[in-house]
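Asker: Provided herewith is a single structure, encoded as structure tokens, for subsequent inquiry.
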Amino acid sequence: MATNPIHGGASAADQQELSDGSEQDFRERLPNVYSVMVPQLRTVCSTSTVRRRFHVLEWLPKYRANYILSDIIAGVTVTLTAIPQSIAYGILANLQPQDGIYSNLVGCFMYFLFGSVKDVTVAPTSIMAIMIQGVVAELGPGAALLTLIAGCVTFLFGLLNLGFLVRFISMPVITGFTTAACLTIGSAQLRALFGISSKGKSSDFIDAWENVIQHIGETRLWDALLGFSSIAFLVILRLTKDCGQGRWKTFFMYLSLLRNAMVVVIGAVLAYAFSLSGTQPFILTGHVEAGLPPFHVPPLSVTNNGTYYGFSDMISVMGTSIITIPLVSTLEIISIGKAFSKDKIVDATQEMIAQGMCNIAVAFFSPLPVAGSFTRTAINNSSGVKTSLGCAVTTAMLLLALAVLTDAFYYIPKATLASVVIAAMIFMVDYRGMAEIWRVKKLDMIPFLGTVIAGVFLGLDYGILIGIALNCCFLLHLMSAPKIDLQLSLVDDIRVLVVRPAMDLTFSSAEYLRDRVVQAVVNDYENPVDLVVLDGSRVNFVDTTVVKNLASTENDLRSRHVGLALWRWRRSTAGGLVRLRDGFRALLVNAGDLDAVVQQWKASAEGYLKEATE
């Protein structure tokens, strides 16, 4: 009896090809629940699992003294970028400036405890800010409940080992989502860039542009000059980061890394200088509350702008964000972790647990959820960070800033913060990714454009859901219409049609297989087919629907005086056929070549066609 190589840990019995079905045991072998569950429970409750999940216990005992300087430098460098961006994203989310810093502070500390990728920095991001701003506009501080629920959902994903779900988000969908987010976020900053006071209906793409066009006459010259010159400054520094050689290359690299902090300091100094002369041409950030972030339990009901929202009302306002925020934040942190892990395997489950714990903790201090920040992770990596202690250093520096630098935050112009966000969006768009999609597979432009259009006009949460749905439609189409090779051969004056499915067979492809076989027998050939050989060498799975349709196919062929042979089927797949109809045993053959298949079929099915004629 010939056997195929064993794949995927299946038993040898399941992988065997069948030569004589009459002596085979086709009973379904179910797994022993006790033997599967007990080792799993022992693993979950083991000390090693606790150390792996509470990840600081995994790496801290191995910490080396020569790592300290690198981690401190990286933490301080990240803080210089984190402060202006956190303030900007707090304002973008319709929150107070300090809320962005609170989220950054708490998120960094929790990732220090649970994160598994040393380079990753968790912080407020533009995407998180834009996804929560609508909820903040309706619920105010009650939006913290959304952050708590999103954290719990992400944490639950991690506990259930659902990291594989990220595989259903394709590269075109990711590229489309990023593009839509950049267009939406950049458009939301136009009002601050031009110094327009009107907030408009919302920060959505259409409303943002409508607001700017309607109030373009209210543009403040000084704000616009400062904003556009800051964008130019940031873009130039970004483009020159690889200039020079040797020490000059290092100089330009760090100059580029510190560009956000530099432009904010320059803007604040200008605003402070004008204030000394008794004038203020810029719209300023204003008061930033000093001190430790206050502890607040996320409310289950809230009254905002005179409207009362009960728990069910709050959930209704949150809508799809309850799922899309965990999905997007998980996607961000895992993709960033893979980008900076230098080919090391990223534990998706641990990153989901870490992300969930970050947002659960953040919810008690700020409504603004956190996610992996690509910009700050890149700074962390290029600064030579050795361990996640860099996140702890960033936490300490943010606490210090809240204690002594809040007066300086008052003078940061909003146009400067808008320029920081817009400049980041310019380089966040994956232009190369778009070109690769067009060059490699133009069909992938459908989910890409679907994600972009839906994200821009309907909202980012709907954008990613629609993009995933479009991709799933392609996937379902492939599953429902798998590739099936048909080859007609003449063996000993018998016309043999060999049918080779190229993949596993599921309920969605059952009717398709039956239609292809029957149509080929009835319509595709001038002379009648005598024998159909169904090659199962590539089929490792069949379900009830497929088995029922194969039985119907056998009946269709029998009524047309056409034989059927099941060639090279494994016990696990052939078992379903035999358990449905014991007569399939006689049709199972495992000869080495097609000639032998025909001879074996002749010997084992002499009465097959005779029975059909009676």
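Cβ atoms are placed via backbone N, Cα and C, with glycine included.
Because the structure is a prediction, the values reported are computed rather than measured.
Annotations for this protein, taken from TrEMBL, read as follows:
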| type | residues | note |
| --- | --- | --- |
| REGION | 1-21 | region 'Disordered' |
| TRANSMEM | 67-92 | transmembrane segment |
| TRANSMEM | 104-132 | transmembrane segment |
| TRANSMEM | 144-166 | transmembrane segment |
| TRANSMEM | 173-194 | transmembrane segment |
| TRANSMEM | 221-239 | transmembrane segment |
| TRANSMEM | 251-274 | transmembrane segment |
| TRANSMEM | 314-334 | transmembrane segment |
| TRANSMEM | 389-411 | transmembrane segment |
| TRANSMEM | 417-434 | transmembrane segment |
| TRANSMEM | 446-470 | transmembrane segment |
| DOMAIN | 496-566 | domain 'STAS' |
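Map the listed features onto the structure and describe their local environment.
Answerer: Beyond its flanks by at least six residues, the transmembrane segment (67-92) meets 98-101, 103-104, 121, 123-126, 128-130, 133, 185, 188-189, 192, 203, 257-258, 260-261, 263-264, 285, 288, 368, 373, 375-376, 379-380, 383-387, 389-394, 396-398, 401, 405, 409, 412, 414, 416-418, 420-421, 424 of its own chain at Cβ-Cβ distances under 8 Å.
Within its own chain, the transmembrane segment (104-132) is flanked in space by residues 53-56, 59, 78, 82, 85-86, 89-90, 92-93, 143, 146-147, 181, 184-185, 188, 203, 293, 321, 324-325, 328-329, 332-333, 336-337, 340-341, 346-347, 350-351, 353-355, 357-359, 361-362, 365-373, 376-377, 379-381, 385-392, 394-395, 398-399, 402, 421, 424-425, 460-461, which lie at least six positions past its ends and keep a Cβ under 8 Å from the stretch.
Sequence-distant contacts of the transmembrane segment (221-239) (same chain, six or more residues past either end, CB-CB distance under 8 Å): 192-195, 255-256, 259-260, 262-263, 266-267, 270, 281-283, 413-416, 418-420, 422-423, 426-427.
Tertiary neighbourhood of the transmembrane segment (314-334): same-chain residues 120, 122, 125, 127-128, 131-132, 135, 138-139, 142, 145-146, 149-151, 153-154, 157, 163, 165-166, 169, 174, 177, 300-302, 346, 348, 351-352, 354-356, 359, 369-372, 374, 460-462, 464-465, selected by CB-CB distance under 8 Å and a gap of 6+ residues from either end.
For the transmembrane segment (389-411), the residues of the chain that approach it from at least six positions outside its boundaries are 63, 67-68, 71-72, 74-76, 78-79, 82-83, 86-87, 97-98, 101, 104-105, 108-109, 111-112, 115, 118, 121-122, 268-269, 271-272, 275, 284-293, 380, 383, judged by C-beta separation under 8 angstroms.
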Asker: Counting only residues 6 or more past its boundaries, what in the same chain has a CB within less than 8 Å of a CB in the transmembrane segment (446-470)?
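Answerer: For the transmembrane segment (446-470), the sequence-distant neighbours (Cβ-Cβ under 8 Å, at least 6 residues beyond its ends) are 127, 130-131, 134, 168-170, 172-173, 175-177, 179-181, 183-184, 204-206, 319-321, 324-325, 327-328, 434, 437.
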Asker: With Cβ-Cβ distances below 8 Å as the criterion, list the same-chain residues six or more beyond the ends of the transmembrane segment (173-194) that contact it, or say none.
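Answerer: Same-chain contacts beyond the ends: 91-92, 126-127, 129-130, 133, 200, 203-205, 208-209, 211-212, 216, 219-220, 223-224, 227-228, 283, 328, 331, 335, 414-415, 417-419, 421-422, 425-426, 428-430, 433-434, 437, 447-456, 460, 463-464, 467-468, 470-471.
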